[in-house]
Amino acid sequence: MAREERIGLRMHLDALIQGCAEPTWLVRTKGLKVRNRKHSGTAGRSNMVSIAVKSGLLMGFGAAFVVVGAVMVVYWPTIFFTQLQKMMMLTETSTSFSIWREVPIPMYLECYMFNITNVDEILAGKNVTLKVEQLGPYVYREHHTKEDITWNDNNTVTFYNRRVWHFQPDMSNGSISDNITSINPIIATVGHIMRNEPLFLRVAVNVFMGMNHKNLFLTANVSSWLFDGISDPLFDIAAQFPDLPFEIPFDKFGWFYSRNESKEFDGVFVMNTGTADFSQLGNVEMWRHSNRTMYRDHCGEVRGSTGELWAPELGQEELVVFSSDLCTYLTLSKSGPLTVDGIEGMQYSTNDSTFDNGHKYPSMACYCDEVRDENCLPSGALNVSACRFGSPAFVTLPHFLGVDSYYADKIEGLAPTDDYKFRLALEMYTGMPLQVFAQLQINLLVRYVPGISLNNQLPDGDTLVPMFWFRQEVRINDEYARLARFALNLRDGMPYGFYALTAIGIILLIVGIVYLMRKLLKSPETAPILNETNNTEETR
C-alpha cells in the first residue's frame, strides 16, 4: 500500500476513535453521579432503619401498655384484696396488730342513771305507778389493752382484755357525787334467790335483813353505784356462812365494781387471727376456756366478733357480736347505708328479735328453760341472771325500747326512740368500724315473794325496774378516716388509671403503624435508587 494511503487510513481510524470517546470532564461528571447515587441509596436505607426503629418502639411500648393495663384492670380487685388481707390478718408484724393490741381510737362510756322520784308515796302504800327520771350522762373515757397475748398453732390468739375508765367531768351532765335513789339490788337478789326455799327459811332471812335495812330502797352517789361500790352488812355476814345456797363473790355492790383496770374480769378470750380463713378474722372461738356458756342449744355458743376486728362483710345480712357482759352474742341486722366523715358504710342494728326468748321467735326459745315458766318474760328482755351471780338482772334496750307493754306500762318517765338501738356501722370493703353505739339497759325484776316483806314494797308485785343504761360510743377519728379514704380511693381509682394506660397503649400502637406506613408510601427514592444502582452495576 502506498505511503499516502496508509497515512489516510490511520487518520480515519483516529477520527472514528475520537468520535466514540467522551471528553474527560464528562467521564468524571458521570462517575461523580454514580457515586452520588450510591451514597443516596445508603442514606435512604439508613433513614428507613431509623423509621423502623421509631415505629417499633412506639408499637412495642403501646403493646406493653395495652397488655399491662388490660391485665391489671381484671386482676386489680384481687391484688387489692390480697394486700388488704396481709394488712388485716392478725400477726405480730401485721398493720392491724398494734391497733388491736391497744385501740387508739377514742372510746367513751356514757352512763345514764334512773332516779326513783316517788319513793315516799310507794312506802306510804299508795297505789301509784313507779316514776323515774333520767340523770346524766356521766361520761368516762375508756381505754382497752390486750395483755398476756399467746399465739396458738391453730391460727388463734389467746389474750386478756384490760379496760380502764377515767371520768370526764367536762363531757358529763352532772357530777359523780349526785345522789341516786333506786331499789336495793342486794335485797332484790336475796329475795329472788330465796323465792323457792321453804317459807320458814324465807321468814328468817327477812328478819335477818330487817335488822340492817328499813326498806327496799337505797340512796348512794353515782360513783358508788358504778365503780366504787356500796357496802352492805349482808356481805360481811354472808362471808361467815360459806354454805349459803347462793354465792356472793364481792365485798361491795357496784355495776362496774372491781372492774376498772382489771385484767381478769372480762375473762380470757381465744380469737381467730384470720390467717387460715380470712372470713373468720376477729371471731371468738373460746371464752373462759370453753366454747359454750350457760345458755342451752345454739344460744350457748361462743361466737361472733368482739367488735374490734372484722373481715370485709360485703353482702352480709347480719353481724354477730359476742358480749362477755351478757355471756352470749347479739345478732344485728342490716338497717341501711350510712356515711361517716365522707366514708360510705352499712349500718347494722338490733331489732325485735334480738332480746326475744321464744315469745315471738321460736328460734330464740333457748334463752329460756326448755319447760317454759314464769321466769320467761315477754319479748324484749333478756334474762342474764345466770351470768350475773343469780341476781334477777334483765337486759333490754334503753328506755324499754321494744319491751312488751306488760312491763313497759308499769314505769312512768321513759321515752323510747329508735335512736336507742344497738348500732354498728362498717365500711364494707375494708371491714373498718366507722361508728359504734353499744347501748344496753340493766333492769332488776322485783316480784312478790311470800315471807320476805322487804322485797314486797312496790305497788305492783311483778315489776321490771330500770336501774341504768349505758352507751359505749366509738367513732372513727380524722387520722383513720383519712387512711380509710386513701385505701378506698386507691381501690376505686386505680382501675381508671389502668384504663388510661390501656388507651395510651392503643394510641401508641396506632401512631406507630400510621407513621411507618406513611413513610413507606411517601418515600420517592426507594424503588428508583435500587433500579439505578442495579443498572450501573450491569453497565460495569
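Positions of Cβ are set from backbone N, Cα and C atoms, glycine also.
TrEMBL names the disulfide partner of Cys368 among Cys366, Cys376 as Cys376. Of the listed residues Cys299, Cys366, Cys387, Cys387 is the one TrEMBL pairs with Cys327, by disulfide bond. For Cys366, the disulfide partner named by TrEMBL among Cys111, Cys299 is Cys299.
If you take the Cα of Cys387 (disulfide bond) and the Cα of Cys299 (disulfide bond), they are about 13 angstrom apart, rounded to a whole number. Cα to Cα, Cys327 (disulfide bond) and Cys299 (disulfide bond) are separated by 10 Å. Of the recorded residues, Cys376 (disulfide bond) and Cys299 (disulfide bond) place their C-alpha atoms 15 Å from one another.
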